[in-house]
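As annotated by Swiss-Prot, heme b b562 binding site applies to 81, 180, with the evidence given as similarity to another entry. Per Swiss-Prot, the feature heme b b566 binding site maps to 95, 194; the stated evidence is similarity to another entry. What Swiss-Prot lists as ubiquinone binding site is 199, and the listing cites similarity to another entry. The annotation transmembrane segment is assigned in Swiss-Prot to 32-52, 75-96, 111-131, 176-196, 224-244, 286-306, 318-338, 345-366 on the grounds of similarity to another entry.
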């Protein structure tokens, strides 16, 4: 028997990454899981080296980030970390989108742990965005943390507790740096839990069949596909890092934080813009905060909203049309979140935010029932 199966340390790894039974018909859309593992490893490694040259003090934080250019290959560490975060979220959205399309959310434990990973990743990215201590970092931290004041009765106290004072200051920066360093390791633990549940539940099949199709071992059939995806992704990331490293950066963040000067337009990174657009679309502060958090937490309840007898969308024509309309709606939300708050963008933002919740709460269960009646009506007659 091979050592990888006998050794108590290697045996769990073998079950998760080598001899894992996998459907024989999965496509390259299943590569995003391995790409996310690559992104997490890259962020942890580059982040550890960057932290060696970072100073979590309001007078030195901005300069210490710029000082990375004087370190050997410091610019590579900095730009791979910054653009790696965007790649992380891009792969994350594709990974979630694939699960929504092929019914991966019906594997409850795997899906729920995945959503927890998504939430913690968003928190980690927000904390990291504050650390350069540029104008957008400072004012983004001020605006986003101030949303906690919408909590009835204790909101103001919670905000001051998060700040460590009466405004965003050195205490805020220090605790944000500590948490930003800690969270990726918690993410790594959750990823292992995610893989364990995946090993128990099994990988989803593109056809959505509950009965096992012809399974093959993960290695070497899918590790080869994963390596191909990893090489292509690293090539594309390298093109961005070497040729246009500041493509996704905000110009305001190249100015040191100044509490006396407010940027013309405060906005988060692109991967938060869909939630930011939903926040802005509600005139009431409390309603906006609740809607923003619900836009993410609603994914927890998505399996409960599934009413179709079919697992995925390949055999559900109406469900497919609704899904692609949701993708367009998501892109519109991201676009609206990057624009100034004025007409006609306000009304457009409210309409696309309304459709976002309409898709999850009404369209998904309604189309499930309609398709059940259309697709299985003849079968019901035969049973009678």
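Glycine too: its Cβ is placed from the backbone N, Cα and C atoms.
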Of 95, 199 (the binding-site residues), the residue whose Cβ has the fewest other Cβ atoms within 10 Å: 199
Listed stretch, out of 32-52, 224-244, 345-366, that has the most CB pairs under 8 angstroms to the transmembrane segment (176-196): 32-52
Nearest of the binding-site residues (81, 180, 199) to residue 95 (heme b b566 binding site) - Cα to Cα: 199
Cβ neighbour count (within 10 Å, all chains shown) around residue 194 (heme b b566 binding site): 21
Chain-internal residues near residue 81 (heme b b562 binding site), provided their CB is under 8 angstroms and they sit 6+ positions away: 42, 43, 46, 47, 50
Around the Cβ of residue 180 (heme b b562 binding site), the count of other Cβ atoms that are within 10 Å: 21
Whole-number Å value for how far residue 194 (heme b b566 binding site) lies from residue 180 (heme b b562 binding site) (Cα to Cα): 21
Intrachain residues whose Cβ lies under 8 Å of the transmembrane segment (286-306), provided they are six or more past its termini: 96, 100, 103, 105-106, 108, 111-112, 115, 118-119, 122, 147, 150, 152, 274-276, 278-280, 353, 356-357, 360-361, 364-365, 368
Residue numbers, six or more beyond the limits of the transmembrane segment (345-366), whose CB comes under 8 Å of its CB atoms: 274, 277-278, 280-282, 291, 294-295, 298, 302, 305-307, 319, 322, 325-326, 329-330, 332-333, 336-337, 339
Long-range environment of the transmembrane segment (32-52) - Cβ separation under 8 angstroms, sequence gap at least 6: 68, 77-78, 80-81, 84-85, 87-88, 91-92, 94-95, 98, 128, 177, 180-181, 184-185, 187-188, 191, 226, 229-230, 233-234
Intrachain residues whose Cβ lies under 8 Å of the transmembrane segment (224-244), provided they are six or more past its termini: 28, 31, 34-35, 38, 76, 79-80, 83-84, 87, 91
